[in-house]
Every structure is written in structure tokens, then in C-alpha cells.
Amino acid sequence: MTMENSSNVKEFILLGLSVNQGEQKICFVLFLLFYMIIVAGNLLIVITVTSSQGLSSPMYFFLCYLSFVDICYSSVTAPKMIADFLVANKTISFVGCIAQLFGVHFFGCTEIFILTVMAYDRYVAICRPLHYTSLMTRRVCGQMVLGSWVGGFMHSMAQTLLTTRLPFCGPNKIDHYFCDVHPLLRLACTDTFAVGVIVVANSGMIALSCFFILVVSYMVILGSLRSQTSEGWRKALSTCGSHITVVILFFGPCTFTYIRPSSNLAEDKRVAVFYTIITPMLNPLIYTLRNEEVKSAMRKLRSRKVGSE
């Protein structure tokens with residue numbers, strides 16, 4: 001209730017990705033297909049990892065949580081965006097808008113932390129193989145995932161509280177397909193420079209520090225592979241290749257959006273499609289196509305299902 005009392009605006013209008021009717025119909029079909037692939041692909045990974053005894057290593061434990069976060073992350077924005085392609089009046093309530101803002105930053109930041117934890121896991125597996133089982137115990141892995149969720153929650157609360165304290169007295173049109181910090185700062189009827197700096201510093205610090213850890217961990221991994229045989233090189237790169245691809249696809253657009261004060265919202269919302277839709281959709285494909293263990297577990301799961309029918 002206090003959120004609404006601080007503002008005259010009771011709802012916002014999302015302008016979406018396109019105003020062209022023909023383009024919106026094409027986008028509806030396209031993004032509905034994308035969202036179905038995201039949910040089906042990531043759910044398949046969660047089911048495969050949780051029901052296969054052969055996929056009990058920390059790498060798959062983290063992959064399972066990454067897939068779960070991807071489903072949640074895309075579900076915060078995609079269903080609303082898809083529905084809005086079919087309606088002329090693309091409104092969202094003030095409370096709904098703030099809830100969407102919280103969800104985007106909560107699941108997005110959690111994903112950043114889980115990707116960073118996965119890089120640490122690969123570093124220990126390749127650079128300290130003899131200590132791997134003692135360092136990456138089930139308890140430690142659980143604590144790392146819990147830390148990722150808590151970190152995501154703390155970041156999201158900071159972004160959300162800073163935004164909800166701003167007064168909104170009109171206009172109420174958001175040049176985006178979901179509620180995010182930068183578009184909302186543009187609509188606040190007060191000077192938002194200080195809040196904008198804090199928001200960028202908060203997001204930027206997390207994105208840059210995690211990206212730095214990722215880059216350093218992979219540089220150390222590549223450095224340690226110099227003494228390896230060609231077979232060792234191939235095996236290590238095959239396990240790290242998938243993760244590096246996902247990191248580039250997710251961190252590139254994400255860093256572009258949140259590391260700087262927003263100057264072009266139309267550009268921002270096109271870039272946002274990559275980290276809210278494209279990356280969660282590609283994650284299952286990247287991790288399964290390059291991983292024989294996951295493919296084998298999926299085949300066993302399918303044969304088990306067929307055998308039980």
C-alpha cells in the first residue's frame with residue numbers, strides 16, 4: 001500500500017518491442033515458440049539431472065539450478081510480453097511493475113552468481129583435481145547455491161527499494177517490454193541522478209566483479225593446460241567451452257545495459273531480448289549438445305519411460 005501512496009500513477013503502459021501490428025503478430029508466434037523451448041529445454045535438464053544417478057557431480061548440481069533459474073527468469077518477462085503482442089492496451093499495475101522489476105533483478109543476479117560458481121567448479125576440477133572431492137562437497141555446493149540466491153535477493157531489494165521511493169506523477173509510458181530500473185528512472189518526477197549513479201554502481205559492481213572472476217579463472221585454467229596432453233586439452237576445453245559460450249552470451253548484453261547510464265531505451269530493450277530470452281533458450285542446447293554424459297542420461301531416461309509404458 002505504501003508503494004502506491006508515494007505515487008499518483010496507479011498503472012504503467014508498456015510500449016513493447018514494436019508498434020507495428022504485422023510485426024507484433026510475427027513476434028507473438030516467434031516469442032511464444034522461444035518461451036516454450038526455454039521451459040521445455042530447461043525442465044528437461046532439471047528432470048534429467050535429478051533423476052540420473054550418473055549426473056551427481058557438482059557440475060550437474062549447478063547446471064540443474066542454472067536451468068531452474070532460467071525458467072524463472074524468462075517467466076518474469078516473457079508471458080506478459082507475449083500476451084501484450086495481442087492487445088492494444090499494454091498496461092501493468094504499479095505493484096505488478098515493481099514485482100516484475102524485483103523478479104528480473106533477483107533471478108538475473110542469481111544467474112550471474114551461479115555462472116561464477118560454475119567457473120570456480122571448473123577451476124578446481126582442472127587445476128586441483130586431487131583436492132576436488134574434498135573441496136567441492138555436497139555441503140559446500142549447497143552453500144554456494146544458497147549464497148547465489150541470497151546475493152540475488154539482496155541486489156534486487158536494493159534496486160527495488162531505490163525505485164519505489166521515487167515519486168511518479170505522469171507520464172506513465174515505459175519504452176520497454178518489461179519494467180526495469182532505467183525506464184522507470186526516466187518517468188520519475190524528481191531528479192534521479194543520484195539514484196541512477198547508485199543503481200549503475202550496484203549492477204555494474206556485481207557484473208564487473210563476477211566477470212573479472214570468470215576471466216581470471218579461465219586464464220588460470222588455460223595456463224594450467226599447457227603441460228597437458230592433447231587429449232587433456234580437448235577434454236578440458238569441451239567441459240569449459242559450453243560455460244564460456246553461455247557467459248559471453250549472458251554477460252555481454254547484460255553488462256552493456258547495466259554498466260552505464262541508459263541513453264537509448266529503444267536500443268536497451270532490443271539488447272534485453274538476448275539476456276532474458278535468447279540465452280535461457282540456448283543454455284539447454286549448449287550444455288546438452290556438447291556433453292555426452294547429459295545426452296546419454298537423456299537417452300536412458302527416454303528408454304526407461306518407453307519401457308514403463
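Residue 1 is the first one shown; counting continues down the chain.
Glycine is no exception: its Cβ is also placed from the backbone N, Cα and C atoms.
Feature annotations, courtesy of TrEMBL:
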{"type": "TRANSMEM", "residues": "28-47", "note": "transmembrane segment"}
{"type": "DOMAIN", "residues": "41-287", "note": "domain 'G-protein coupled receptors family 1 profile'"}
{"type": "TRANSMEM", "residues": "59-78", "note": "transmembrane segment"}
{"type": "TRANSMEM", "residues": "98-120", "note": "transmembrane segment"}
{"type": "TRANSMEM", "residues": "140-158", "note": "transmembrane segment"}
{"type": "TRANSMEM", "residues": "193-225", "note": "transmembrane segment"}
{"type": "TRANSMEM", "residues": "237-259", "note": "transmembrane segment"}
{"type": "TRANSMEM", "residues": "271-289", "note": "transmembrane segment"}
Quiz prompt | the transmembrane segment (193-225) in contact with the transmembrane segment (59-78), cutoff 8 A, at least 3 CB pairs, sep 6+ | solution = no
Quiz item: Do the transmembrane segment (271-289) and the transmembrane segment (59-78) come together with 3 or more C-beta pairs under 8 Å, pairs six or more apart in sequence?
Solution: yes
Self-check item: Per-region confidence, the domain 'G-protein coupled receptors family 1 profile' (41-287) (mean pLDDT, whole number)
Solution: 89
Quiz item: Under 8 Å, at least three CB pairs between the transmembrane segment (237-259) and the transmembrane segment (98-120) (pairs 6 or more apart)?
Solution: yes
Self-check item: Selected stretch (most C-beta pairs under 8 A with the transmembrane segment (28-47)) from 59-78, 98-120, 140-158
Solution: 59-78
